[in-house]
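Peer 1: Encoded as structure tokens, here's the structure I'll be asking about.
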Amino acid sequence: MGLPWYRVHTVVLNDPGRLLSVHIMHTALVSGWAGSMALYELAVFDPSDPVLDPMWRQGMFVIPFMTRLGITNSWGGWSISGGSITNPGIWSYEGVAGAHIVFSGLCFLAAIWHWVYWDLEIFCDERTGKPSLDLPKIFGIHLFLSGLACFGFGAFHVTGLYGPGIWVSDPYGLTGKVQSINPAWGVEGFDPFVPGGIASHHIAAGTLGILAGLFHLSVRPPQRLYKGLRMGNIETVLSSSIAAVFFAAFVVAGTMWYGSATTPIELFGPTRYQWDQGYFQQEIYRRVGVGLAENLSLSEAWSKIPEKLAFYDYIGNNPAKGGLFRAGSMDNGDGIAVGWLGHPIFRDKEGRELFVRRMPTFFETFPVVLVDVDGIVRADVPFRRAESKYSVEQVGVTVEFYGGELNGVSYSDPTTVKKYARRAQLGEIFELDRATLKSDGVFRSSPRGWFTFGHASFALLFFFGHIWHGARTLFRDVFAGIDPDLDAQVEFGAFQKIGDPTTRRQAV
């Protein structure tokens, strides 16, 4: 049936058995990809340093999703939070991957069975003997079952009543772990950063889905509505399904890019807005201030800053710094972080503390400018040395490190001072290993960036798909030239416009 590539799906348009078959095969492909991708990631994942080389630095995509749902252990004897374990149980990373692959195989066999045995009694209308589907009834069944799954996830899995709970962390991504969640039924449940809202919203939405499903199973649509929305046409189902999918894709693109309780920074990396707002920098300075108030020395106060917190405050972990067409993990860009060198404090010869102005997200290069506590420029690395007034040499800038590997070390030679001033533009300074992976030094995005870009792009495409198929089903008679209420037998090919005797073709 020489169909063009963009019309091949019409072969299942009036064939319920094979329509079911291709959907089962699609599920097999999705599940098989998920399981295979998980096994591939587990083969290349290095769990040895969860602080400086976490999953998101290594470009892991499916491991974070398993982890946020409560999977933390591997049959390889390691745990995502570091350390070793002896009894990971069946629901380890490998167990979940294997379950997806087994499920994929079963779906594959089911798809073949339904393709071969397509002409089943269940698909036949007993009044006409022709294949047909009761689409409003099927909608009710699907709504009921998805509501049941939604309710079960919120009431049992997330709450820990029968399940592990989900990944929960503090606002700075330092203390994350899998734990059970109490539903948040107050106004706080609408805060996207409150995990309790995940439980309560799934319970509420699931309950609504169950009730709506039962409603659609027990109440038939009015005839006018049935005809108006073309409820008997399978393309109506396609159009509304695409709408549900693109809406969900837009929502998750937003929750991923802007951050939420469902996308913890320990699993997906920080958001770009945390760099833009100096989010981690402010917390670090607050902690240092608390240490100084407790009569600790500057060195002791900085030494108490967790390496994990300092690492978040580094521009290389900003997902917006990676170019769209730079493939590979963050580790393939600026390298594998080995250790925090410490916090550099710059001073001029008059003893004033100077702060390096940080590079904004969308700059590749940025002038090195050092300002005092009042924001007045006191030193820089000039573009034209002949006209410079504030060069490091002229101002006599020195640098001393507090905390980290260089704790207590100071430099006064201008070359070294300028080197660390340039690196301080990028946030906290880390030693990076670029040799192991042959990293090229060009920043990459985190899985947060890839997920957002992918889902926003497909959401846009699916939006147009919804408009396209919605228009086709609503205006089918206009496009086809056939009145859907036409009862008379029409001879295809006899008229230029089907069923219109005024356009009878002339014999040649």
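Keep in mind that glycine also has a Cβ here, set from the backbone N, Cα and C atoms.
Residues or ranges marked as transmembrane segment by Swiss-Prot on the basis of sequence analysis: 21-36, 101-115, 140-156, 203-218, 237-252, 457-472.
Thinking about packing and proximity, how do these listed features fit into the structure?
Peer 2: Remote same-chain residues near the transmembrane segment (21-36) are listed as 12, 62, 96-101, 103-105, 107-108, 110-115, 118 (criterion: CB distance under 8 Å, separation of at least six residues from the stretch ends).
Same-chain residues lying 6 or more positions outside the transmembrane segment (101-115) and placing a CB less than 8 Å from one of its CB atoms are 17-18, 20-22, 24-25, 27-29, 31-32, 35-36, 39.
Outside the transmembrane segment (203-218), and at least 6 residues removed from its termini, the chain residues within Cβ reach (under 8 Å) are 136-137, 139-155, 183.
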Peer 1: Do the transmembrane segment (237-252) and the transmembrane segment (140-156) share at least 3 Cβ pairs closer than 8 Å, excluding pairs fewer than 6 residues apart in sequence?
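Peer 2: These two segments do not touch.
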Peer 1: Could you give the residue numbers and ranges of same-chain residues that sit at least 6 residues beyond the transmembrane segment (140-156) on either side and whose C-beta is under 8 angstroms from one of its C-beta atoms?
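Peer 2: Answer is 162-163, 183, 198-218.
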Peer 1: What residues elsewhere in the chain lie close to the transmembrane segment (457-472), defined as a C-beta under 8 angstroms and at least 6 residues from its ends?
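Peer 2: Apart from its flanks, the transmembrane segment (457-472) reaches 235-236, 238-240, 242-243, 245-247, 249-250, 253, 479.
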